[in-house]
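Listed in TrEMBL for this protein:
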type	residues	note
TRANSMEM	89-108	transmembrane segment
TRANSMEM	114-131	transmembrane segment
DOMAIN	118-274	domain 'Sodium/calcium exchanger membrane region'
TRANSMEM	182-207	transmembrane segment
TRANSMEM	219-241	transmembrane segment
TRANSMEM	253-272	transmembrane segment
TRANSMEM	303-322	transmembrane segment
DOMAIN	308-450	domain 'Sodium/calcium exchanger membrane region'
TRANSMEM	372-400	transmembrane segment
TRANSMEM	407-426	transmembrane segment
TRANSMEM	432-453	transmembrane segment
Amino acid sequence: MSNEREPTLQSSQINKHSFIHPSILTSMETTHNHAVLVVDVNGSSIINKGDRDDHPQSTAHDAHDPPLISAVSRFKSWLLSDCLSDLRFILLGTKLCILFPAIPLAIFANHFHFGKPLMFASSFVGLALLAERISFLTEQIACSTGPTVGGLINASCGNATELIIAIIALCQRKIDVVKYSLLGSVLSNLLLVLGSSLFCGGLANFGKEQKYSLRQVHVNSLLLLLGLLCHAVPLMFRYAFSSGSLAADPTLQMSRLSGVIMLAAYASYLFFQVKTHRLPSVPQNQNEEGVDDDDDDKEEAVVGYWSAFVWLAGLTALIALLSEYVVDAIEGASCSWGLSVEFISIILLPIVGNATEHASALIFAYRNKLDISLGVALGSATQISMFVVPLNVAVAWIVGIEMDLDFKLLGTACLAFAVIITSFALQDGTSHYMKGLILMLCYIVIAASFFVIRVHPKPSSANIGTQTPPGRMLEA
């Protein structure tokens with residue numbers, strides 16, 4: 001019949017000649033009673049002929065409308081809806097969203113001088129929330145990668161808090177805060193994060209035998225032992241030679257040389273993990289019939305790959321701001337709460353900074369994915385010990401600040417016991433909840449040893465670790 005309407009353009013035909021996003025095309029395609037507008041690559045409009053007959057005025061109006069402007073407006077609408085969707089998942093996708101008011105509270109406390117303890121506490125809570133959100137974003141990125149690369153990404157992004165706090169404290173010449181916060185991060189990853197992961201994973205998979213690859217355990221253990229040697233040598237120099245027996249103190253020079261060696265070793269470790277000896281993507285999650293047990297547990301990313309990187313940059317900027325508040329207020333909080341700066345730096349700050357690794361390691365251990373869980377915990381500890389610590393020594397060297405690798409006797413001894421106990425616990429390739437319990441108890445003992453220290457720096461001191469009176473900070 002002459003009045004019969006021509007068939008409407010299909011989505012496949014539209015996509016072939018258009019540059020508009022498919023989500024926009026879906027909203028543009030309507031029933032046979034409405035017009036269909038598509039802009040092709042040449043900038044001309046394609047309008048259904050039958051709709052042109054039904055709506056002559058609308059057709060005449062669209063003929064004079066610039067089609068590119070119409071397409072751009074629809075693209076902006078799609079982009080806005082995509083950003084709002086990401087915002088909903090990032091800000092409201094966790095039960096910890098009730099802690100978001102702590103971030104503006106920290107800003108107001110700093111601006112209106114509400115007091116150092118309040119500024120420290122609100123910044124502390126805000127950092128914990130932001131670290132957890134960074135964990136979520138790294139998991140979204142890791143959906144497109146294997147366990148090795150995913151673990152490295154998670155460890156790298158998770159250590160952003162520690163690195164930022166250390167750099168800010170270094171710029172303020174608070175050397176002891178830098179050392180103790182990084183030492184506490186290594187201890188927390190080896191004992192608290194790894195221990196709680198093995199403990200919860202063992203209870204959640206009580207009837208299963210949890211196995212993991214020994215290759216990454218051995219490599220990380222060797223690197224941690226190398227880092228321990230680099231930290232112990234300056235301490236041994238201090239005891240082996242008296243102050244007048246040498247023309248110059250070799251501690252600083254040896255620390256800088258050791259820092260260069262540690263950075264080279266970590267670069268080799270990255271090449272080993274990513275290129276030459278990558279872990280198989282699914283080594284342990286198959287049952288006896290060869291069927292993957294975790295097919296039902298696989299999750300799809302709800303945030304786009306590149307969108308996750310953009311949000312990571314924004315959250316990292318907030319972490320840098322709150323980290324500056326924490327470093328500024330740590331002395332006031334120490335005096336107000338009756339806690340030593342050592343305890344706050346070694347125990348409290350790493351708990352916040354390692355919230356990313358802690359959450360990820362617990363989730364993967366609960367799902368019986370110990371290779372990823374160990375990659376997160378051990379990878380983070382190795383990265384702090386072999387990359388972040390020598391990086392701070394190098395930065396201090398560049399800006400003219402004397403920072404060595406001497407963690408004093410108590411700190412070095414705690415690091416040595418943590419590395420040795422962890423290496424012994426992971427040497428057989430299997431796990432159960434008892435191993436995790438022992439590691440957590442070791443962490444409690446170390447935390448108690450720093451908690452009983454009741455010596456605080458003077459509130460007016462602005463350069464902790466540079467000109468500290470004898471007996472004020474930890475001494476051998």
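Cβ atoms are placed via backbone N, Cα and C, with glycine included.
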Task: Selection from 89-108, 114-131, 182-207, 372-400, 432-453, the stretch that has most Cβ pairs under 8 A to the transmembrane segment (219-241) - done: 372-400
Open item on the list: Let me check one thing: do the transmembrane segment (303-322) and the transmembrane segment (89-108) come into contact, meaning three or more Cβ pairs under 8 Å with sequence separation of at least 6?
Closed with: yes
Task: Stretch among 89-108, 372-400, 432-453 sharing the most Cβ pairs under 8 Å with the transmembrane segment (407-426) - done: 432-453
Task: Surrounding residues of the transmembrane segment (89-108) on its own chain - C-beta under 8 Å, 6+ positions past either end - done: 114, 118-119, 122-123, 125-126, 128-130, 132-133, 136-137, 302-303, 311, 318, 321-322, 325
